[in-house]
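Enquirer: The structure that follows is given in the form of structure tokens.
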Amino acid sequence: MFMGEYEHQLDAKGRMIIPSKFRYDLNERFIITRGLDKCLFGYTLEEWQQIEEKMKTLPMTKKDARKFMRMFFSGAIEVELDKQGRINIPQNLRKYASLTKECTVIGVSNRIEIWDRETWNDFYDESEESFEDIAEDLIDFDF
């Protein structure tokens, strides 16, 4: 399970260190793709296989299902950690997530998310104010 928040930098070649706490669970190779809220999602290969199976059940007669699958899968790439624990994030994904030099990597249960730091801070500030309201709106959820 992935959890926590870590600040890292993207170098001039598009490489970024993955937090050491995440590297063990991700293994050497994992998948990154376009996520929601203008961030990138990162999944283990095993989790990615489960997502692929779920996606196959989406109705291809629905225009939104086709659009979502195209965006999600066309942005997906298998990445490999180098000896320094870095991955290379392709330009198209850096552009999608508006990644600048300063990035934040967070753990969200079954995935990691890679955010531009300023975008993350804005999202966090906005969400922090409504955290309790969001929790109340989640049906059948209890700690």
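Glycine too: its Cβ is placed from the backbone N, Cα and C atoms.
As annotated in Swiss-Prot:
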{"type": "DOMAIN", "residues": "5-47", "note": "domain 'SpoVT-AbrB 1'"}
{"type": "DOMAIN", "residues": "76-119", "note": "domain 'SpoVT-AbrB 2'"}
Enquirer: Tally of helix, strand and coil residues over the domain 'SpoVT-AbrB 2' (76-119) according to DSSP?
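Expert: Reading the DSSP string over the domain 'SpoVT-AbrB 2' (76-119) gives 9 helix, 21 strand, 14 coil.
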Enquirer: Of the residues in the domain 'SpoVT-AbrB 1' (5-47), how many are helix, strand and coil by DSSP?
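Expert: Split into helix, strand and coil, the domain 'SpoVT-AbrB 1' (5-47) gives 10 helix, 20 strand, 13 coil.
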Enquirer: Please give the average pLDDT for the domain 'SpoVT-AbrB 2' (76-119) in this predicted model.
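Expert: Here the predicted model's pLDDT, averaged over the domain 'SpoVT-AbrB 2' (76-119), is 98.
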